[in-house]
C-alpha cells in the first residue's frame with residue numbers, strides 16, 4: 001500500500017471523535033476532554049511504519065480538520081503531531097494566520113504554533129456579533145464603528161460546557177462610559193440601543209464593567225470587583241485574563257498575573273461563550289484564547 005493511499009484513507013475516513021481544534025471548528029461548543037485519548041491506540045500497519053520525515057512532509061500540506069483525523073490513526077501519527085512546534089504546525093500557521101498576527105505581540109503568550117492555531121479557532125467571531133463591529137484582518141481584534149446610541153458586542157467562535165479555560169482580553173482604545181468583558185450564552189443579545197452594560201443586562205450573560213468595576217448579571221449590579229479598597233482602574237492595553245471553570249461553575253479574573261478572585265459562582269451547566277461589549281466609536285478589543293489555566 002502506498003503512502004498516498006494510507007494518507008487518503010486516514011483523511012477520508014473516521015472523524016467521529018471529539019476534538020478541541022478540529023471538531024470545535026465545526027461545532028459551536030467544545031468539550032474539555034483530550035481529542036485523542038480514546039482513539040489513538042494501536043498500530044496501523046504500513047501507516048504506523050512510515051518514516052517521520054515522510055509523515056512530516058505530507059502532514060505539512062493538510063488542513064487542521066485532516067490533521068485531527070490523522071492523529072487518531074495510530075500512536076506513531078499521534079506522536080508525530082504531538083510536537084506543537086513541528087514543521088507541520090508551523091506550515092499550517094503560515095497558511096492560516098495573518099502576517100500581522102504572527103509578527104505582532106498579539107500571540108506573545110502562546111509559545112507554540114499549535115497553541116496559536118487553537119487561539120485562532122477560539123477567537124471572536126465575525127459572524128456572531130453586532131452589525132456595528134467587525135473583526136480585523138489579524139483575526140483577533142474587534143473594531144467598533146462610530147455608531148451613536150448603540151452598544152455592540154461579540155461572542156467567541158466556540159463556547160464551553162465543561163472543563164477549565166482561560167483567555168486574555170485587552171482594550172486598544174478608549175473604554176467610553178461602559179466596557180464589559182465576560183461570558184454569554186448563545187441566546188444573549190449582542191446589540192442594543194443606547195449606551196448600556198450589554199453583558200449582564202439579562203440572565204443570559206455575566207460581565208465585569210471595567211469602567212466602574214461593577215459585576216453585572218440579570219440586569220443588576222452584583223457588587224464591586226475586585227473586592228478591595230481603592231481597586232485600580234483598568235489601563236488601556238492592560239491584559240485581563242478570564243478564567244472559566246465549568247466544573248466548579250465559576251468565572252474569575254487575573255490582571256498582570258495577579259489573581260483578582262472569583263467574580264461569579266453557580267454558573268448554569270450550559271454552553272457559555274467568551275464575550276465583550278463596547279460603546280466607544282473606533283475602539284478596539286482583542287481576545288486570545290490560552291487554553292487550560294496554568295495552575296492546573
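Keep in mind that glycine also has a Cβ here, set from the backbone N, Cα and C atoms.
Quick look at what TrEMBL lists:
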type	residues	note
DOMAIN	44-92	domain 'F-box'
DOMAIN	102-294	domain 'B30.2/SPRY'
Over the span of the domain 'F-box' (44-92), count residues by DSSP class, listing helix, strand and coil in order.
-> 34 helix, 0 strand, 15 coil
The domain 'F-box' (44-92): mean pLDDT?
-> 87
